[in-house]
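K.L.:
Pasting in a structure now, in structure tokens, and then I'll have a few things to ask.
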Amino acid sequence: MIELTLVLVATAALVVMLDWRKGLAACVLIGIVQDPLRKLAPGQPVYYVLLVGVIFGVTLVRAALANVRLDPGVIHGWRKNLRLPFSFFIAVVFAQALHTLVAYNSFFMAGIGLLVWLSPIPAVVLSYQFAIRRGLQGVRRLMVLYVLIALVALSGVYLEYAGFEWRTLGEVGEGLVIYDMGTILKAHSGFFRASEMAAWHAATIACFVFILSVGKRPTLLRIVAALLLIGVLISLGMLTGRRKMLVEVTIFLCVYGILIALLQKGRARLALALGAVALVGYFGIVGLVAPDPVQTPSSRSARIDNPNGMQGYAARGRTVVQDLPQRVSDLGLQPIVYVVDRFGWLGAGLGTGSQGTNQVTAAAGINRWAAEGGLGKIAMELGIPGLLVLLWLGVALFKHLRKQLAAVAQLSTQHMRMAYGLVAFLVANLATFSIATQAYNDLFILVILGWSTGFLLAMPVLAAKGDPSIRRRNPQDTIPFGLPPGYRHPSAHVASFR
């Protein structure tokens, strides 16, 4: 099996060396198949999770050889709006890596931390350059490819639930068992290596299916088909035992609806209503992601007639409201207070809250419970200075996108729908990260999030100058009045790519 893996990776790398633009598709393929290949390999070696990183690295090298700029400064508006807070963020990350080296003498843990915090950055720039060259149609094709391949992999969740005992099914290692609902519920992962990965991909497929269904002129048939498929994906996600994905999709749909409603006159009430639903959904996530391997007081007392069937997984999701207050406390300021009291204002160091560093942290006597939620993980690895810098960077990105998206809405409906879908997808993931960080240590997931951000940042440029994949009139004739004050037309910026 290791020989087959080497042949597959070498073939993908060769394809990428012929054309770096095919690198993103190659990453999707390798990122999905690396988990079942790992299960078949002797000893299930952990380095299989880095195979997608090998292909991504080859893509970066090939793009650089083709004289493609890979620094963030190539992104329109970066230097003016984002460069300063981003520079401080990079400085904090490397300072915390040095902190880890000095405190624990572990290059491994520092490397894991650098990989987790920095890997999305080259993914953002590379996907931006890809979108500029391949246009909206190229982005859609990549999404379709991901949806199709990931759907095949996700079907393994049902196969595992149905009782198939293939070696490629189930979690790597001992697996996760949930003692809850008065019985034992197995967390199904299908072809993925862990149930949280399967749940994340189920939610992502649902989001991408919706984006693709409304991307062009939406029809009733497309919308109904998309909603039916999303319903199937939610049912598969429930079988993973990771309940957070249910409300993640809700947040995505609400945020998308809010963005659309804000553009329509007289729809302010609708936007407010959707905002309220999104807030309820977010706090629902807080309860939905109570530690899955153990039972909560409310679900412990719940009893069902058929605990081993689908009813057990559905009933477990309905106990969330009773567990909400405690989860809000556990994932709010309490982890930050613990980190400051235990490690000081500078935190514990880079990598201390990331998966894969268990042996080092155990030897150092580090309790990592605070890193379960996003705020605690940031405070633990980047310290309070890092938390403040990330807040600054987030505000700067929000201001940048607000101006750019307002322009996109007036320039191109197709680009607007894609941009709004990507914003909703990233916001839903931000909400999930804030209360459950396990999946966000996976390199493939981090790369996908980086790609989504890069595609989003490219939409204003494509809409303003003209998309190479969409026939348009002269863009100077299609720009209406009413663009946001201070908006700079990025014509010269796009011209540099020709």
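Note that Cβ sites are derived from N, Cα and C of the backbone, with glycine treated the same way.
From TrEMBL, for reference:
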- 45-65: transmembrane segment (TRANSMEM)
- 86-104: transmembrane segment (TRANSMEM)
- 110-131: transmembrane segment (TRANSMEM)
- 143-161: transmembrane segment (TRANSMEM)
- 198-215: transmembrane segment (TRANSMEM)
- 220-239: transmembrane segment (TRANSMEM)
- 245-263: transmembrane segment (TRANSMEM)
- 270-290: transmembrane segment (TRANSMEM)
- 378-398: transmembrane segment (TRANSMEM)
- 419-437: transmembrane segment (TRANSMEM)
- 443-464: transmembrane segment (TRANSMEM)
K.L.:
Per the definition of 3+ C-beta pairs under 8 A with sequence separation of 6 or more, do the transmembrane segment (378-398) and the transmembrane segment (86-104) touch?
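P.N.:
Between the transmembrane segment (378-398) and the transmembrane segment (86-104), contact is present.
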K.L.:
Please report, as numbers and ranges, the same-chain residues at least 6 past the borders of the transmembrane segment (198-215) whose CB is under 8 Å from any CB of it.
P.N.:
136, 140, 143-144, 146-147, 150-151, 153-154, 157, 188-190, 192, 222-223, 225-226, 229-230, 233-234, 236-237, 240, 242, 244-245, 248-249, 252-253, 256, 414, 417-418, 421-422, 424-425, 428, 439, 442, 445, 448
K.L.:
Check the transmembrane segment (245-263) against each of 45-65, 86-104, 110-131, 419-437 and return whichever range has the most CB pairs under 8 Å.
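P.N.:
Comparing 45-65, 86-104, 110-131, 419-437: 419-437 has the most Cβ pairs near the transmembrane segment (245-263).
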K.L.:
So which residues does the transmembrane segment (86-104) touch in its own chain, when a touch means Cβ under 8 Å and the partner is 6 or more beyond its ends?
P.N.:
72, 78, 110, 113-114, 117-118, 346-352, 360, 364, 381-383, 385-386, 389-390, 392-393
